Amino acid sequence: MVSSEGLSGSTPPVAVPVEQYGVTKPISMAGPTEADIQRSRELEKFLVEAGLYDSEEETAKREEVLGRIQDIVTDWVKQLTRLRGYTGQMVEDAKAVILTFGSYRLGVHGPGSDVDTLCVGPSYVNREEDFFFVLHNILAEREEVTELQPVPDAHVPVMKFKFDGISIDLLYASISLLVVPQDLDISDVSVLYNVDEPTVRSLNGCRVADQILKLVPNAEHFRTTLRCLKFWAKRRGVYSNVTGFLGGVNWALLVARVCQLYPNAVPIMLVSRFFRVFTQWRWPNPVMLCAIEEDELGFSVWDPRKNPRDRTHLMPIITPAYPCMNSSYNVSASTLRVMTEQLKYGNNICEEIQLNRVKWSALFEPYLFFESYKNYLQVDVVAADANDLRAWKGWVESRLRQLTLMIERVTYGKLQCHPYPHEYVDASKPCACCAFFMGLQRKQGEIVQEGQQFDIRGSVDEFRHSVSMYMYWKPGMEIHVSHIRRKQLPAYVLPDGYKHPRNPRVTPHHQSDKLSHNNHIACTESGGKCLKRKKDPEGENSEHSKPEKRLNLDGSESVSPEIISCELSRMSSGCSTSDLDEMNGVAEGNASSNFSTISSCSNEDIGNESSEGSNGGDNGSIEGSTIPASSRSDSCDADSKSSLEDEHADHNRVFEDGLQKELEPNAAVGVVLKSMNEADSETVQNTVISRLNLTSTA
């Protein structure tokens, strides 16, 4: 008997296996439409016009510089080989190999970007003396080398310099071979035999870059998407590993994961899905491009099941090369909050772009940091000359992340910090100096008791002590930490034509906050003088129309908050204290103080700020930005999640299930974070920059 299938001459459909990239199957195998292809061309054109690509001349110059550095390190190794008594044949065969990693290796570098390089040398050439002393002196004698700055005690030891105008970050790794082959395979795990931890970290830059390019479905689509997302992150102020945000390798790993989840997507699709995926991502579930390899050579790998410290990581992004590490361990609760808000902003704008309501330029609108808060910490960095400042400010910037963590700890997360990863220079000052800024606000929705203040002077003292441990300190190196209000921001931080908004837009959320405190009485602890708050007919506090009065330490009234400069005990020879007092707007009577303070702030000083740039009072929105209103944001989130799940359901999987299954092999689902609310009460009591009066409630 012949079956009906046989009569029809057809065969049953055979399920085509879906190719898997990474640790899970793709969310969607859908390819682009004609509209997607056209919008991708528009995106690439926008990126070119934005100046994100090197010119042919710049590309050729980089290659030439790398070739010259290769010649220098080869001569250096031959010289050391000869001095150590090796045979003539060994001297002839001796060499070092220059490899690249980071943005240059991934092919997403742009004009003026650094070239991350690794020098791989033989076992008998060490880092401490041969690299940081002998090679350093060789480079210092060359006229084409400028701004030479060794950083031997960094987590990844590095030598920074400019070679013929090209910025170079040079690392060194000594592998367990007497002769380094010209065709060295850096991906082979054998390069890790008999090396120390700093060498492993140095080698892993190249190993990770190679693995990323191997693990993405389409390298060109990956590059265009990554170039776009890096540009976005810089414009929105969330591109800086040292400050606690994400750096180049972090963004590369996130983009690579989205490429794996949508292997046939073109850049326009990948950009929008990037924001969609990571707006919904449930941190601290880790992002991984591949399964974590088992411990082969005894090096520690990221594993929250075994390592208690790994459980404290808030935003784990795991490197794909052995030993797998969390590349984003610098992220704090505050910086994660800021990045989450910015991802929501990007997701909303991408939805508008897809509906042809706005152009690509809307995605890259700069974040208005100095409109977003009413209170700031200003950290002024001073040195005797430009060379000293370059090293000193790098050290101070690397410690700012610790200040954020200290403030989070001492206030139990109720005072939120937003460190801004940009330095500002007052060109009118004769001394070598720059400044960093940090936004401060009370945690939204936090119920604050009447008269409650945040005393963070101990955190600043601890920060100063940490900074003072700089191994290469020189006379003239100082820091000054002060609290300033938005209206006291120095003019040099504001773009041309930018002015403070006179009438900030008040959202309904903020209006109710003010109405509930229109008769609140706030007392400054130092003077005990109470200022009764009254509402004027227009709904503003009556004292806002008058110069603000604060009590100085001597009990006298001041029309501005107490801002007393904070400096190290060592005196500067390069810039006078009065210069910095003028820089910070410090009263002459406070110029001689040798400690720092933040004044007591009024009840609306630190809370849910709004400005002309705000379009809503939603807690998830970015103050001072162009984020849509909360009701629309909520509906967009719901729509995007629904569409994402529908798309994923075509492959019999729910999006969130896919994210969870990705994490199950490493038991990372449901990781309980160690509380960051631990604080040494004695330290808190005995150390004091200020008391911040946060008496308003959300």
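The count begins at 1 with the first shown residue.
Backbone N, Cα and C atoms are what each Cβ position is placed from, and that goes for glycine too.
Values in this document were obtained by computation on a predicted structure and should not be read as measured data.
Per TrEMBL, the feature domain 'Poly(A) polymerase nucleotidyltransferase' maps to 22-216. Annotation comment: TrEMBL describes PHE101, GLY102, SER103, ASP114, VAL115, ASP116, ASP169, LYS230, TYR239, GLY248, VAL249 as ATP binding site. The feature Mg(2+) 2 binding site is assigned by TrEMBL to ASP114, ASP116, ASP169. Under the heading Mg(2+) 1 binding site, TrEMBL lists ASP114, ASP116. According to TrEMBL, the domain 'Poly(A) polymerase central' annotation covers 221-365. The feature domain 'Poly(A) polymerase RNA-binding' is assigned by TrEMBL to 369-426. The region 'Disordered' annotation in TrEMBL covers 495-558, 598-661. The compositional bias 'Basic and acidic residues' annotation in TrEMBL covers 535-552, 634-661. For 598-613, 620-633, the entry in TrEMBL reads compositional bias 'Low complexity'.
Positions of TrEMBL features highlighted on the structure.
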residue	record	Cβ within 10 Å
PHE101	ATP binding site	25
SER103	ATP binding site	23
ASP114	Mg(2+) 2 binding site	16
VAL115	ATP binding site	22
ASP116	Mg(2+) 2 binding site	25
ASP169	ATP binding site	18
TYR239	ATP binding site	21
VAL249	ATP binding site	23
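Cα separation, VAL249 (ATP binding site) to ASP114 (Mg(2+) 2 binding site), rounded: 14 Å. Rounded to a whole value, the Cα-Cα separation of SER103 (ATP binding site) and ASP114 (Mg(2+) 2 binding site) is 8 Å. Reported as a whole number, the C-alpha separation between PHE101 (ATP binding site) and ASP116 (Mg(2+) 2 binding site) equals 5 Å. Highlighted in sequence order, GLY102, TYR104, VAL115, THR117, VAL158, LYS160, SER167, ILE168, LEU170 have their Cβ within 8 Å of the centre of the Cβ atoms of ASP114, ASP116, ASP169, the residues recorded for Mg(2+) 2, and are not part of that set. Separating the Cα atoms of ASP114 (Mg(2+) 2 binding site) and ASP169 (ATP binding site) is a whole-number distance of 7 Å.
Taking the C-alpha positions, the distance from ASP169 (ATP binding site) to ASP116 (Mg(2+) 2 binding site) comes to 5 Å. Assigned with DSSP, the residues of the domain 'Poly(A) polymerase RNA-binding' (369-426) fall into helix, strand and coil as follows: 28 helix, 15 strand, 15 coil. With respect to their backbone Cα atoms, TYR239 (ATP binding site) and ASP116 (Mg(2+) 2 binding site) stand 17 Å from each other. The average pLDDT the prediction assigns to the domain 'Poly(A) polymerase central' (221-365) is 94.
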